[in-house]
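Here the structure is laid out as structure tokens; the discussion comes afterwards.
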Amino acid sequence: MRQLLPGDTVWRNIRLATMDPQRQAPYGLVDNQALIVREGHICDIVPETQLPVSGDNIHDMQGRLVTPGLIDCHTHLVFAGNRAAEWEQRLNGASYQHISAQGGGINATVSATRACAEETLYLLARERMMRLASEGVTLLEIKSGYGLELATEEKLLRVAAKLASENAIDISPTLLAAHATPAEYRDDPDGYITLVCETMIPQLWQKGLFDAVDLFCESVGFNVAQSERVLQTAKALGIPVKGHVEQLSLLGGAQLVSRYQGLSADHIEYLDEAGVAAMRDGGTVGVLLPGAFYFLRETQRPPVELLRRYQVPVAVASDFNPGTSPFCSLHLAMNMACVQFGLTPEEAWAGVTRHAARALGRQATHGQLRAGYRADFVVWDAEQPVEIVYEPGRNPLYQRVYRGQIS
């Protein structure tokens, strides 16, 4: 009989989808095991016959499925306002250029966010965060990017820090100051990039407000030369980088980000084979964002087969934002990744667990059920992991465990 220490907690009578690639079964499935949690981490996974059947800290899950906590590795969670009216305009035939000329588009969100009080932004973001937590998310990336000026970018990152301080969910904050050119720099995007590189990145990094730097390398964002200035600045300070790349056109952004050993290249609908090879060589994760693909009614799909052939890890994320992916649901993103992009359900699960952890640099502690990893996991009223992907309108979450505590 296995000896338990005071304070140990056990989940028994479970079906474990460990998402551990070292296990041969699909999803890393293993039956008739028990999970021992000690001080917020998984202490061990052992045959349940080695443990007592009952006790003060022994939870009998009656055969339910247990998976790692979900990880949403790409969100724009902190913003004010919404863009529902301009979505209706687009459906009625208005062009993006027409909407932008009326003050719509990303600058509408920037204006609303700049004007919004920090406490209000926090309350808005907290409600969104708890929606994701209710789906089993235990680690969440939050980008800035709706300030496009030092004061508001800092405000957004402070909100992310306040959310993290609640200890309800892990937050990985990302500085996305190079998201778009603000209206006041419309005729001087290079000048804005200078502000980002010489002021925003160093000052906000010194304050410890973010973990990584992101950028939007695209025909409607920043060109390759401007994007490289951002990457050079970040890497000179030892800051991990990532990028929104190849969403609407092929500019070579994935190759650029991979050359700087980027954590991830996100969107990647127009990614080519050279970009895929560069991602493999740079250790860069491909992050698929099917919500934006759906909402923008795009037709160019990411090269999933090439990513498989080159063995590039593929993550899946919600991309929750008010303009192009207003879907605060990782379950829905998993389903869309399968239906629209051709991922298998097992690939979708890897995309919101171990590959999403790698996209955030957390692969040594998150995204799998293994001894030594964080005790972040979800108990589901389900028999198979595919059920969560198959029916995104139903949430079979039974219990969410964060840092070893039922939450």
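Positions of Cβ are set from backbone N, Cα and C atoms, glycine also.
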Which of H59, H179, H355 shares the 4-imidazolone-5-propanoate site with R83, Y146, Q247, T324 per Swiss-Prot?
H179
When the number of other CB atoms within 10 A of each residue's CB is tallied over all shown chains, which of the binding-site residues H74, H76, R83 has the maximum?
H74
Taking only same-chain residues 6+ apart in sequence, whose CB is under 8 Å from that of H179 (4-imidazolone-5-propanoate binding site), what do you get?
I106, K143, S144, G145, Y146, L148, D214, L215, F216, G221
Note the Cβ centroid of H74, H76, H244, D319, the recorded Zn(2+) site, then list each other residue of that chain whose Cβ lies within 8 Å of it, in sequence.
T75, K143, D266, H267, L289, A292, A317, F320, N321, S325
Among the binding-site residues listed here (Q247, N321, G323, T324), which has the Cα closest to the Cα of H76 (Fe(3+) binding site)?
N321
Which of the binding-site residues H74, R83, H244, Q247 has its Cα closest in space to the Cα of G323 (N-formimidoyl-L-glutamate binding site)?
R83
I need the nearest neighbour of H74 (Fe(3+) binding site) among the binding-site residues R83, Q247, N321, T324, using C-alpha distances.
N321
Roughly how many Å separate the Cα of H244 (Fe(3+) binding site) from that of T324 (4-imidazolone-5-propanoate binding site), to the nearest whole number?
13
